[in-house]
Amino acid sequence: MEVTCLLLLALIPFHCRGQGVYAPAQAQIVHAGQACVVKEDNISERVYTIRESDTLVLQCLVTGHPRPQVRWTKTAGSASDKFQETSVFNETLRIERIARTQGGRYYCKAENGVGVPAIKSIRVDVQYLDEPVLTVHQTVSDVRGNFYQEKTVFLRCTVSSNPPARFIWKRGSDTLSHSQDNGVDIYEPLYTQGETKVLKLKNLRPQDYASYTCQVSVRNVCGIPDKSITFQLTNTTAPPTLKLSVNETLVVNPGENVTVQCLLTGGDPLPQLHWSHGPGPLPLGALAQGGTLSIPSVQARDSGYYNCTATNNVGNPAKKTVNLLVRSLKNATFQITPDMIKESENIQLGQDLKLSCHVDAVPQEKVNYQWFKNGKPARTSKRLLVTRNDPELPAVTSSLELIDLHFSDYGTYLCVASFPGSPVPDLSVEVNISSETVPPTISVPKGRAVVTVREGSPAELQCEVRGKPRPPVLWSRVDKEAALLPSGLALEETPDGKLRVERVSREMSGTYRCQTARYNGFNVRAREAQVQLTVHFPPEVEPSSQDVRQALGRPVLLRCSLLRGSPQRIASAVWRFKGQLLPPPPVLPAAAAEGPDHAELRLDALTRDSSGNYECSVSNDVGSATCLFQVSAKAYSPEFYFDTPNPTRSHKLSKNYSYVLQWTQREPDAVDPVLNYRLSIRQLNQHNAMVKAIPVRRVEKGQLLEYTLTDLRVPHSYEIHLTPYTTFGAGDMASRVIHYTEPINSPSLSDNTCHFEDEKICGYTQDLTDNFDWTRQNALTQNPKRSPNTGPPTDISGTPEGYYMFIETSRPRELGDRARLVSPLYNASAKFYCVSFFYHMYGKHIGSLNLLVRSRNKGTLDTHAWSLSGNKGNVWQQAHVPINPSGPFQIIFEGVRGSGYLGDIAIDDVTLKKGECPRRQMDPNKVVVMPGSGAPRLSSLQLWGSMTIFLLALQR
C-alpha cells in the first residue's frame, strides 16, 4: 500500500502541486543600441560603453509567471555629482542623444508578486572628448646677482574627457617628449586626475619662440577623433592688463545715463573683453560693446557690481570691478526707547528718552538726517543730544536723546533724511511725544481665537493692537518648525493686525503668532498673542475603487473606510446600487456612539441580479467621498505563459506554421469554475477574426493550459483574444500578439528545422575568419542581374517567399575563397546525431560544400564530416550526415568558390536531431503536414490520471 501511494505521489505533475507553473521573476540585461564596447568578462561588473549623443538602448529580458513588470532605475555615475533616480516602466530603456551626466549604473527590477524581485544592473560609461583649453604662464627670475634673468614659460593644456585623454605636444610639426633636451619638461600637475598636462620651457631660448600644439586623444574609442589647439609663442607674449575710465565706486542719481569704459593697456595675443553683473545678468537695455558698457536711464534696481574681464589665455585673466550705486531713500522707520538704565517701558517725566530714525539708503553712509520739533529745527543743548551710529541700533541711524524729560519736551518731532545736492526726494517720519504716548498691548478679539474655515475658502486672522503709536503686527507660525506662512514668508508684517489668506489648504492648519514690532513704535519687549486656524476638508476614503469577485450564492461584504478628513468622523453614509438608493444598513449602537470610521454593506448571497456597481457616499458635513465597488461573479482574465520553449513550429512546404499557446487561469477558485474559453484569432491588418470554443475540465490554480494554433501563415503576426466562461457568463479577456520567429535549432527537438525564414537565421552566425559571407535571400529579393545558369530559382518549397542561404561567387571572389556559416553551440546529450539538410549545387564552376563539426570539449577543433564538389544539377537534393561529438559542439557549413563565377551554392531546411541517420533518403518533394490540435491539452493531467486508475486496479 505504501509503495502504491509513493508511486502515485511521484506521478503527480509538478505544476499541480502548490503554485503550479507560477515562478518568480528572472531578468537579464541585453544591449541593442549604438554600443562601442560591452565588457562582459566579469558578470558582476558589466560595462556598456557608448559615445555621447548616441542612442542608448537597453532591454531587460524577463522570465517568470505571471509576466513580470519591469522598472528601470539609475544611480549616479562618475560624471554625476549626486544621486539621481529615474523610473521607466518598460522592458526597453531608450535614451536619445545620451549626455555624459546620464552615465552610471542602471538597474532593471522585475517583479511579478511571486518570490523576491529580480534585480540586474549594468554600468553605462559615456565616452566624450571636449575641445582642449591651452593657457600660458610666464615667470622671470634673477640669476647670479641680477646679471641676467631667466624666463620660464609653462603651457598648460586641459581637457575634459572620458576615458582620460592622451596628450601629445608639438613644436611646429615636431613631436616633443619629456626631457628631450635641457629646455623641455612635460609633467602632470599635482591634484589633477589626468585631465591636465604642462609643457615647461626652461630658460627660454630663441628656438623656443614657435608655434605649439596640444593634441588630445582617447585613442579613437567609440570613433571619437583627436582634437588639438595651437598657440603662437613670441617674445611679446604677455598677459592682459586693464584700467577703468571711472572710479571703482561710482555714485549716480536715478535717471542718469551711465557709460563705463574698460581700456586695455597690454596683452599679446589681443585679449577679449567681457562685461558681467552680479548678482544676476546685465540690466535690460544695457549695451556692452567691446570694453564700453552703457546703461541708459539708470534706476535703483540697477545697483550692483559690474565686472570687466580680459582674457587671452596668457597668465590669469585681468579683472576690474565697478561698484555702481544709484542714490535712493526708502523704508523710513522710527523707534521710541524709554530710559534703558532704569529698564522702563513707559515715558515718564524726569527720565531719559531716545527717539531714533533710520532709512534704507544707497549709499547708506552718505545720508543726512535733520531733526525738527514742532516744525522748527531742533537745537542741541545739554538736555537735547543728536547722535549718529548708535551701536545698539542699525547702521547709520540718527538718534535724538532727551535727558531728564520735562513737560516742555512734549511735542511733534520730525526726522528728515536726504542727500544734499541730489534730486532724490527727501524722506521723513514723524513722532508725537505726549502724556498719551504709551507702549502697545496686543490681544485677540473675542470669538476670534479659533478660526474655522473650509478648504479653498478665504480666511482672516486678526489681532488688535492698542497703544500710541500703534506699531505694525508681525505674523509667524508656532506649531511647525521652519514652516512658512501662506505667503511663503517666515515673517509677515501687517499694518492693521489682520493676516489674510485667499484660499486656505489643509496644510495651513495650526497655531499662528502675532506680535508687535519694535519699530514705528516703542522699542520694548514684543507683545504676543496666538490664533488657531482649523481647516475643514472633505473626507478621503478607501478603497476609491475595488473589483470584488465572488462565486454565485456566496456572501459578499463591502466596506468603505474613512482615511482622513476634518472633522475626522462619518456624519452619514449612503449606499446605492446601479444608481438606485438602498435602505440604510443597521448600525451597531457602540459604533454610533463613538462615531464610526467605516460603513459596511452585506450581501447574503450573490446572484446575477445583485451583481453590478455599488457606491458608498460618505460625508463628514464638509464634503463627501465615494467608494466604488464592482461586484460580479466574472472570472478573472487568463495569464498568458510567455516562457514556452520554442512555441513556433513551422511547416515550410505548406508555408504555414503553428503556435503553442499556453496560459494559466488567475484565481480560478475565487468564482465559479471555468467551463470553457473562447479564443479569437485575427491576423494583423485584417478585419475578420476566427472564433473557437475551447472546453476545459476543472482548472486548478497554477495549472498550465495549452492549445496549439494551426494554419497560421508565415511570416504574419496574429492578435489573440482569450476569454473564460463560467455559469455567470463571460469573464475578463486577455489579449496578446504572437509573432512568427524562426525556431532556434536544438538537438532535443526532432521536428525543429531551420528554414531561414527569420532574419535571425536560427542563431547561425557568419565566421569572422573566412573570406566572405553567406547570403540570405528568396526569389523576390534576388538581384535581377545575377549570373544565369547557377543558383536555385526558389527555396525547397518552390514558393517565391521562401528564404534560403547561398554563396555569391561573382567578382571580387577568387578561386578558393571560403564562406563559413556557424551554428549555435549545442551541449552533447547523446552519442549520435544526424545533420539533415537540402543543398543546391548548379553551375559549371561549382566548387565544394563542406560540413564541419567544431568540438569545444578541450579547446577548439574543427573536423570534416562531409564534403561534396562539382555540378549536381538544377535541383534541390537532401543529405544526411551522421556525427559523433565528444562534447559541446557546433556545425559549420563551408562553401568554397570554384574556378569561375557560375558556382553559386545554396542550403535550406537544416535539421539536427539525436540518433542515427535514416538509411533511405527522404523525397524532397514530399509535403509533410504537421498535426494540429483541436482541443486544449492539460499538460500531463491525462497522463497521470490514467496511470492512477491503472495503479488502483493493480492494487485490487
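Quick reminder: no glycine exception, Cβ is built from N, Cα and C everywhere.
In summary, of the candidate residues ASN90, ASN257, the record from Swiss-Prot lists N-linked glycosylation site for ASN257, whereas the others have no such entry there.
Between the listed residues ASN42, ASN432, Swiss-Prot assigns N-linked glycosylation site to ASN42, with no corresponding entry for the rest in that record. When ASN235, ASN331 are looked up in Swiss-Prot, the one carrying the note N-linked glycosylation site is ASN235; the rest have no such note there, which does not rule it out for them. Of the listed cysteines CYS108, CYS157, CYS308, Swiss-Prot assigns the disulfide bond with CYS214 to CYS157.
In the three-state DSSP reading, CYS616 (disulfide bond) counts as strand.
Secondary structure of the domain 'Ig-like 5' (440-534) per DSSP, as helix, strand and coil residue counts: 3 helix, 46 strand, 46 coil. Within 10 Å of the C-beta of CYS214 (disulfide bond) there are 23 other C-beta atoms, taking all protein chains into account. With a threshold of 8 Å between CB atoms, the same-chain residues lying at least 6 positions outside the compositional bias 'Polar residues' (780-789) that come near it are 800-801, 808-810, 842-844, 901-902, 904. Using DSSP to sort the residues of the domain 'Ig-like 3' (240-323) gives these counts of helix, strand and coil: 3 helix, 49 strand, 32 coil. Comparing the Cα of CYS60 (disulfide bond) with the Cα of every entry in CYS214, CYS262, CYS514, these being the disulfide-bonded residues, the smallest distance points to CYS214. Note on the domain 'Ig-like 3' (240-323): its mean pLDDT in the predicted model is 94.
The secondary structure of CYS60 (disulfide bond), as reduced to three states from DSSP, is extended strand. Comparing CA positions across the disulfide-bonded residues CYS262, CYS357, CYS560, CYS616, the one lying closest to CYS463 (disulfide bond) turns out to be CYS357. Note: the CA-CA distance between CYS357 (disulfide bond) and CYS616 (disulfide bond) rounds to 66 Å.
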